[in-house]
Amino acid sequence: MDPLILSRMQFGANISFHILFPTITIALGWVLLFFKLRYNATGDSAWMRAYFTWVKVFALSFAMGVVTGVTMSFQFGTNWPGYMQKVGNIAGPLLAYEILTAFFLEAAFLGIMLFGFRRVSNRIHTLATVLVAGGTTVSAFWIIALNSWMQTPAGFEMRDGVAHAVDWWAIVFNPSMPYRLVHMLLASGLTVSFLIAGLSALRYLKGDRSESMWKALRTGVFTAAILIPIQIFAGDQHGLNTLEHQPQKIAAMEANWNTGPNVPLVLFALPDEAARENRFEIAIPDGASLVLRHSTDGVVPGLNDYVGNHPPVFPVFWGFRIMVGTGLLMLAVSWSAAFFLRRRHRLPKPLALLMVPMALSGWLATLAGWYTTEIGRQPWLVTGVLKTADAVGPVAGSHVALTLAIYLILYAFLLIAYLGVLVHLALKAAKDGDSSPLPGVMNAALSQPSAGE
Amino acid sequence: MTLDWPTLLPLIFAGLMGLAILIYVILDGFDLGIGILFAAAQDAEQDTMIAAIGPFWDANETWLVLAVGLLLVAFPLAHGVILTALYIPVFVLLVGLILRGVAFDFRAKVPTERKHRWNRIFFLGSLIASLAQGYMLGVYVLGLDVGLGGMAFGALVALCLAAAYAAMGAAWVIYKTEGELQKKAVRWLRTALVLTALGMAAVSLATPFASPRIFDKWFVLPSMLYLSPLPILSGLLFLWLWRQTFHLPKADDRHSLTPFLTLAAIFALGFAGLAWSFYPFVVPDRLTIWQAASAPESLAIILAGTVVVLPVIIFYSFYAYRVFGGKATDLTYD
């Protein structure tokens with residue numbers, strides 16, 4: 001097979017697997033801080049129990065994020081040497097700042113956060129939690145800045161075929177960066193709130209009515225219910241920003257083949273790129289014009305303006321629909337759960353049963369969204385500057401295929417193990433309820449094995 | 001050579017990268033070494049050994065990210081050439097690091113009956129990562145030659161680097177533990193030292209004979225005189241440490257950190273020798289640091305951040321080590 005396709009699949013596989021874990025740690029750090037601050041304010045040990053249950057998930061997710069992230073830093077060189085040769089002057093400093101300002105901070109204080117509860121004062125332990133949570137967010141800031149720059153490059157000039165920085169402010173805060181950053185941080189918040197709500201619902205179904213379960217469940221459900229409308233609004237703004245700067249991506253997302261007014265909103269279709277038309281289309285008349293231009297005769301860009309220079313339509317179209325569909329489902333589930341928790345102080349069983357698989361809905365929406373925006377950037381690696389095909393390295397296809405196969409097996413194995421541990425931790429917490437020993441009280445370290453665990 | 005920024009910046013970054021690699025090799029060296037020594041340890045001992053590195057390993061591995069990151073951002077051309085040439089060993093290294101890193105956490109969180117499986121994975125991951133690093137070093141020393149001879153030499157260096165890491169791991173265990181385990185670690189250290197010395201001798205001899213250019217850098221007067229302390233001092237440190245292994249552990253746990261510091265010094269000397277051999281090349285005999293470097297303005301903006309942030313990183317790293325100072329059995333709370 002073609003090394004280009006294989007390298008793309010490999011990069012896609014690696015970064016898809018990687019993004020699952022930062023998506024959790026970015027927001028989970030802040031949720032842990034919330035638990036810790038509530039404990040500091042109320043002295044209620046149930047908050048600390050919630051902290052200790054979820055700090056384990058954090059530690060595991062962090063480790064998964066680190067090791068898969070190391071893989072990414074090598075992949076630039078092993079598979080895509082053309083990327084750094086062309087835009088290394090821009091990408092380099094952004095990546096360097098991510099390492100310097102975020103990675104070390106997180107890694108150094110994670111130890112104190114996990115194992116230091118009794119070794120440092122409560123104040124320092126809280127500070128360590130702040131620094132770790134801050135580190136994950138700073139890391140997201142830099143990497144989103146770089147990714148957005150690849151989508152909507154700004155603040156540079158080309159000299160001898162190589163990009164040179166002219167204005168760092170314009171590079172970091174490029175046109176799509178603020179939208180993408182907000183969208184991603186909210187996605188992380190939603191992923192974590194549904195994960196917490198879902199695993200707490202599992203504890204609920206197992207008959208656990210402990211205070212720490214209620215606290216985690218309420219935190220998850222209410223955070224989700226608050227964040228999802230904000231996310232829908234932010235996503236819409238992000239879409240309008242894409243319309244302005246990357247119209248060909250919008251055309252593919254809407255599977256709109258011809259530029260013009262009164263464009264329908266396609267709900268279902270099988271886009272056929274060979275025939276340049278949609279099959280089995282179900283659409284709302286004038287819908288896309290209304291959503292994107294806020295008027296029924298608004299002109300929506302079509303793929304006919306970008307022949308040979310637009311992304312593959314099928315994956316972008318469907319990635320977008322899976323993301324939006326998942327988002328709407330999240331709205332329905334989180335609002336019903338919030339209603340029952342506030343008014344009835346209980347969860348109906350069917351809703352709790354639905355919330356358990358919805359624990360992973362954030363992952364699904366995040367991946368679908370990233371596929372939409374990243375495949376939507378093709379055929380460019382850096383829009384208008386570097387084509388993906390021109391960045392691939394001279395490695396033999398057989399090497400890439402072999403390593404890709406092993407990565408996929410490894411990732412499948414790790415994913416199963418990871419999900420297994422999450423369920424195991426939830427069931428164990430359900431069994432222990434409020435009687436689980438608090439670390440520091442019963443001589444059990446947070447992330448260390450203890451008898452019977 | 002004029003001392004303007006376009007000349008100086010690549011030089012500074014080569015120095016920073018070298019520093020990051022050296023710190024990585026020393027710090028993650030003992031993590032990986034402890035993983036390798038897992039094969040020779042009992043269940044309870046394994047828990048203590050993990051406790052000795054649990055709070056640190058993450059930050060230690062970050063030095064590798066910094067080193068590769070600096071190679072990537074400061075010498076993008078070299079990053080591409082080296083990593084595509086070492087495609088398979090890099091992949092093996094990454095698989096090893098992935099397995100090692102996740103095993104840390106999984107072994108502590110899975111149901112008890114599965115802990116053994118993750119202990120084995122921790123050992124395997126550490127071993128694979130160490131071997132891959134050694135193999136890459138060997139192949140790099142020979143100028144990225146991947147012929148049959150290069151592979152054989154790579155395999156030799158792989159074994160010796162794994163042994164060197166095991167020695168580091170043993171030295172760290174001597175520092176962080178007490179009692180039976182500490183005594184056992186002294187024996188581990190003695191065994192591993194032999195292979196470490198052999199490996200350093202092999203690399204030291206192979207490098208000049210693989211490249212006439214490097215030969216000329218070492219074996220001409222007067223450089224030979226200036227450079228002679230490097231091998232002589234390394235040899236003396238090896239001998240001294242070897243003798244020490246017959247006296248450790250001492251009463252009141254005196255000198256328990258000495259083996260680790262001695263090994264770190266030996267690593268630093270060996271590294272200085274390598275640096276001298278390869279300077280000014282970042283890809284042996286192909287690309288100099290100036291040919292491979294990024295644009296000066298990009299390097300300048302990274303340097304500005306580095307100058308501010310690196311001391312802070314070093315400061316809080318020391319703080320973290322201090323928080324978890326003392327014997328590792330203390331890691332369980334109170």
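Every residue, even glycine, has its Cβ placed from backbone N, Cα and C.
In TrEMBL, annotation is done automatically, which means it is predicted and not curated.
Record features, source TrEMBL:
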TRANSMEM  A:15-39  transmembrane segment
TRANSMEM  A:51-74  transmembrane segment
TRANSMEM  A:94-115  transmembrane segment
TRANSMEM  A:127-150  transmembrane segment
TRANSMEM  A:181-204  transmembrane segment
TRANSMEM  A:216-234  transmembrane segment
TRANSMEM  A:318-341  transmembrane segment
TRANSMEM  A:353-371  transmembrane segment
TRANSMEM  A:404-427  transmembrane segment
Q) Okay, the transmembrane segment (A:181-204) and the transmembrane segment (A:127-150): do they have at least three CB pairs under 8 Å, pairs separated by 6 or more? A) yes
Q | Proximity verdict for the transmembrane segment (A:51-74) and the transmembrane segment (A:404-427), three or more C-beta pairs under 8 Å | A | yes
Q: Take a look at A:15-39, A:181-204, A:318-341, A:353-371 and tell me which one has the most Cβ pairs under 8 Å to the transmembrane segment (A:404-427).
A: A:181-204
**Q.** Other parts of the chain folded back onto the transmembrane segment (A:353-371), taken as Cβ under 8 Å at six or more residues beyond its ends
**A.** 16, 19-20, 23, 183, 187-188, 190-195, 197-199, 201-202, 205, 315-316, 319-320, 322-323, 326-327, 329-330, 333, 337, 347
Q | For the transmembrane segment (A:15-39), distant same-chain residues with Cβ under 8 A (at least six beyond the ends) | A | 45, 47-48, 50-51, 54-55, 57-58, 61-62, 64-65, 68-69, 71-72, 113, 125-126, 129-130, 132-137, 139-140, 185, 187-189, 191-193, 195-196, 215, 219, 223, 362-363, 366-367, 370, 411, 414-415
